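Marked as Mg(2+) 1 binding site by Swiss-Prot: 92, 115, 117. The Mg(2+) 2 binding site feature in Swiss-Prot is assigned to 115, 118, 280; the stated evidence is sequence analysis. Positions annotated as substrate binding site by Swiss-Prot: 118, 119, 120, 121, 211, 244, 274.
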């Protein structure tokens, strides 16, 4: 039996490798870890606690807010504000960014962007959901209020990113730019413990994840790629397997471990795609690149996109490098940015 290493111990050990580290990022990750435990507890008893279902209101995306969406947003907001390591937060559930105004917070150097509960519409049927987070250094002067520009940074400036998947077991996966590590929650001791060290995504996979019910709305490049995935060819081990849960965190997590590609393209009714660049696509892109994979909008690197709006959307292709490369080749050959279903 190997020695159990908690996430806290792992982070402190890594921090010791950098003598100039101040410990602020370590404390920030601890706050996220704490909030994840609280949210996990509520998800596990959701059917008994009258917090399943809709609030009857819509968030800024025009999506009906689930009760747990609101709960998770408040828990992460409270945890991030409490210790003062964050000067502001942007969330899928908030129309504008949130500024933390304590003296300690105003002098902190980090901002967090978060999707507090991805896939929450699946909770009623007991399907896995998750939390996605992204951390940047602010660009505004410490001591002053946080600004929109602090959040509108390209993904290549992220200092950390990760997700929590609340499933048959609860797991937190994160990167600080030095590889990807996963920690499984042990409820008997109340700690996330190292279970997946130095995760590497297979260069090639056999799984494609996309909502094929929207096929008629897809750009031609995606349609051609799907046909390629479904064709029989022993040399390339096709046809591939279609697996789509409908929760970005769950689909991404499976493909990260097993190899595969997740696609949410533009469509005739959503020319800019559906997924949010800043707090869904960029953090997953940082993770997959650190694990040896690739993330694209179909034509170029996701993390090189300069954001212009807090809730900006983008088409998304993420997963095993060779699969994303091949999907991009189909997009370049059969689609263009000018087509109504391909405007990124």
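The backbone N, Cα and C atoms fix where each Cβ goes, and this holds for glycine too.
Note that the coordinates shown come from a computational prediction; the quantities given were computed from them, not determined experimentally.
Between the CA atoms of residue 274 (substrate binding site) and residue 92 (Mg(2+) 1 binding site) there is a gap of 13 Å.
Counting every protein chain shown, the number of other Cβ atoms lying within 10 Å of the Cβ of residue 121 (substrate binding site) is 17.
Sitting within 8 Å of the Cβ centre of 115, 118, 280, and not among those site residues for Mg(2+) 2, are the Cβ atoms of 92, 130, 131, 132, 248, 249, 275, 276, 279. When secondary structure is read from DSSP and collapsed to three states, residue 118 (Mg(2+) 2 binding site) falls in the strand class.
In the three-state DSSP reading, residue 280 (Mg(2+) 2 binding site) counts as helix. Distance from the CA of residue 118 (Mg(2+) 2 binding site) to the CA of residue 244 (substrate binding site) is 15 Å.
Excluding the listed site residues 92, 115, 117, the same chain places 69, 72, 73, 91, 93, 114, 116, 118, 120, 131, 132, 279, 280 with Cβ atoms within 8 Å of the centre of the Mg(2+) 1 site Cβ atoms. For the pair residue 92 (Mg(2+) 1 binding site) and residue 119 (substrate binding site), the C-alpha distance works out to 12 angstrom.
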